[in-house]
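Student: TrEMBL lists these features:
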- GLU256: active site, proton donor (ACT_SITE)
- GLU453: active site, proton acceptor (ACT_SITE)
- ASP124, HIS164, ASP172, LYS368, HIS373, THR415, ASN454, ALA455, ARG486: substrate binding site (BINDING)
Amino acid sequence: MALTLQSSASFINFRETKGVKTPDEFLGMVSFAQAKPSCRLVAKSSMQEAQLSHERIMEVLKIEKREKLHELTANHSSNSTRVPVFVMLPLDTMTMGGNLNRPRAMNASLMALKSSGAEGVMVDAWWGLVEKDGPLKYNWEGYAELVKMCQEHGLKLQVVMSFHQCGGNVGDSCSIPLPPWVLEEISKNPDLVYTDRSGRRNPEYLSLGCDMLPVLKGRTPIQVYTDYMRSFRERFNDYLGNVIVEIQVGMGPCGELRYPSYPESNGTWRFPGIGEFQCYDKYMGASLAAVAKAAGKDDWGQGGPHDSGHYNQFPEDTGFFRREGTWNSEYGQFFLEWYSGKLLEHGDRILAAGESIYQGTGAKLSGKVAGIHWHYNTRSHAAELTAGYYNTRHRDGYLPIARMLAKHGVVLNFTCMEMRDGEQPQSANCSPEGLVRQVKTAARTAKVELAGENALERYDGGAFSQVLATSMSDSGNGLSAFTFLRMNKRLFKPENWRNLVQFVKSMSEGGRNLPECDSSRTDLYVRFIKESHSKKATEVAVV
């Protein structure tokens with residue numbers, strides 16, 4: 001989950017200006033103004049507007065990197081206990097036409113991130129953009145430009161194979177549906193997508209019930225995902241393992257291994273509702289019926305629990321999830337084992353394909369698991385159950401997931417690392433800290449690497465300190481990497497930027513405590529701020 005961005009304007013942007021002789025002079029002319037929401041970034045100057053060649057800009061950026069960041073880069077490379085920090089790029093990094101969005105602005109933003117000491121960035125490789133023009137017709141050109149830009153700045157890249165739609169969830173600031181030819185197939189056969197008990201279809205991601213059926217113009221969804229990942233490897237083989245250091249394989253809505261049990265679109269779900277089971281398309285129904293028949297319980301295969309309530313109810317409002325509910329009955333255990341087992345099988349299939357494609361490239365594989373922390377302190381853990389995580393007071397639902405990931409050598413990427421129990425509403429029975437502890441234990445037991453993300457867009461010291469607290473562990477189950485959500489105009493506000501830079505520095509030092517105020521290594525941005533009131537400044541503004 002993440003805070004919604006009000007605009008797709010997410011980069012730094014400057015117009016070139018005459019008279020820049022040195023990096024200091026150039027940087028001293030750039031400042032930030034208070035932002036107004038918009039989808040355009042423009043530069044205003046009280047000086048005479050003029051042009052500076054792109055080559056000159058690149059020369060200045062290269063000098064800045066050499067002179068200002070040499071010591072920081074050296075420190076990072078020599079510290080074996082560091083936790084590298086990546087920053088997620090905007091959801092709209094690519095245009096709907098498949099090109100890099102605002103390349104000059106992106107270039108400047110990457111330069112700034114490099115100055116912070118960040119290891120690299122993460123980007124979504126949207127299925128709905130890359131394979132938009134038809135089956136097996138891939139357009140990677142915008143991503144190729146981004147990869148080269150990251151290489152030039154010395155930044156590493158995490159790429160998400162995003163087989164889900166963008167739009168309809170917390171933090172989705174733009175809309176990128178599934179490929180048009182896939183939507184055409186869905187219109188002919190609505191059971192290709194997840195369906196709830198009321199018959200509501202969810203177009204975020206294809207139902208895992210049809211994973212192995214040739215429902216996409218003669219190919220199965222698993223074959224389609226496999227072909228997509230293979231195309232990426234062929235296109236970027238020379239960069240895998242050096243620039244592209246991680247491939248995160250999307251396995252569900254928001255790229256997470258889960259069912260879309262808490263969709264925010266059209267107000268369907270709101271926090272802290274328990275969500276609903278997503279097993280009512282005909283393919284999931286046929287699977288449930290077959291398993292029930294094999295168990296000699298035909299009546300158990302006629303659909304999900306009838307008493308599991310609705311999206312926005314609390315556990316005690318339902319017969320299934322309440323303290324002594326049917327979740328813990330023989331029927332409840334049968335259903336939940338099937339429901340969660342189908343999700344594990346889905347993840348296993350996709351990751352097996354990913355492993356076969358990327359093995360030997362030097363790039364890590366990762367899979368994302370959602371941090372569903374509400375109702376964690378109840379016996380049934382209702383919100384986790386509807387999402388497909390069979391985790392209750394009596395059963396560890398994350399160890400089977402961790403073991404499945406470990407089977408394929410995949411990093412477990414987990415969210416909500418920044419949250420504290422005391423920040424949550426008591427009525428929701430939340431425990432993000434308890435959940436993170438459980439997942440860390442599962443990762444250690446399964447011998448799988450654990451990486452983290454923040455679930456919500458936050459820049460305060462408290463959130464950063466909480467991440468630091470979980471990043472390292474004497475028992476060997478700390479984080480191997482952390483990805484910060486997300487690069488946007490708020491990130492470059494003075495206080496937020498200073499907090500991020502100090503956080504990155506602390507993580508590079510092995511999770512040392514985060515000082516309240518330390519602007520070391522922030523020369524790039526501090527110089528922006530000092531000149532913010534100068535009449536001769538070139539003002540970078542969102543207008």
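Backbone N, Cα and C define each Cβ position, glycine as well.
Those TrEMBL annotations? Automatic predictions, nothing curated.
Since this is a predicted model, take the numbers as computed values, not measurements.
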Student: Using only C-alpha positions, which one of ASP124, GLU256, HIS373, ARG486 is spatially nearest GLU453 (active site, proton acceptor)? These are the recorded positions in the record.
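Tutor: Among ASP124, GLU256, HIS373, ARG486, ARG486.
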Student: Distance between ARG486 (substrate binding site) and GLU256 (active site, proton donor) at the Cα atoms, whole Å?
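Tutor: Distance (Cα to Cα, whole Å): 17 Å.
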Student: Which residue, out of the binding-site residues HIS373, ARG486, shows the minimum number of other Cβ atoms inside 10 Å of its Cβ in this structure?
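Tutor: Relative to the other binding-site residues in HIS373, ARG486, ARG486 has the fewest Cβ atoms within 10 Å.
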Student: Do me a favour and check the Cα-Cα span between HIS373 (substrate binding site) and the residue listed as 'active site, proton donor'; whole Å is fine.
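Tutor: Between the Cα atoms of HIS373 (substrate binding site) and the residue listed as 'active site, proton donor', the distance comes to 15 Å.
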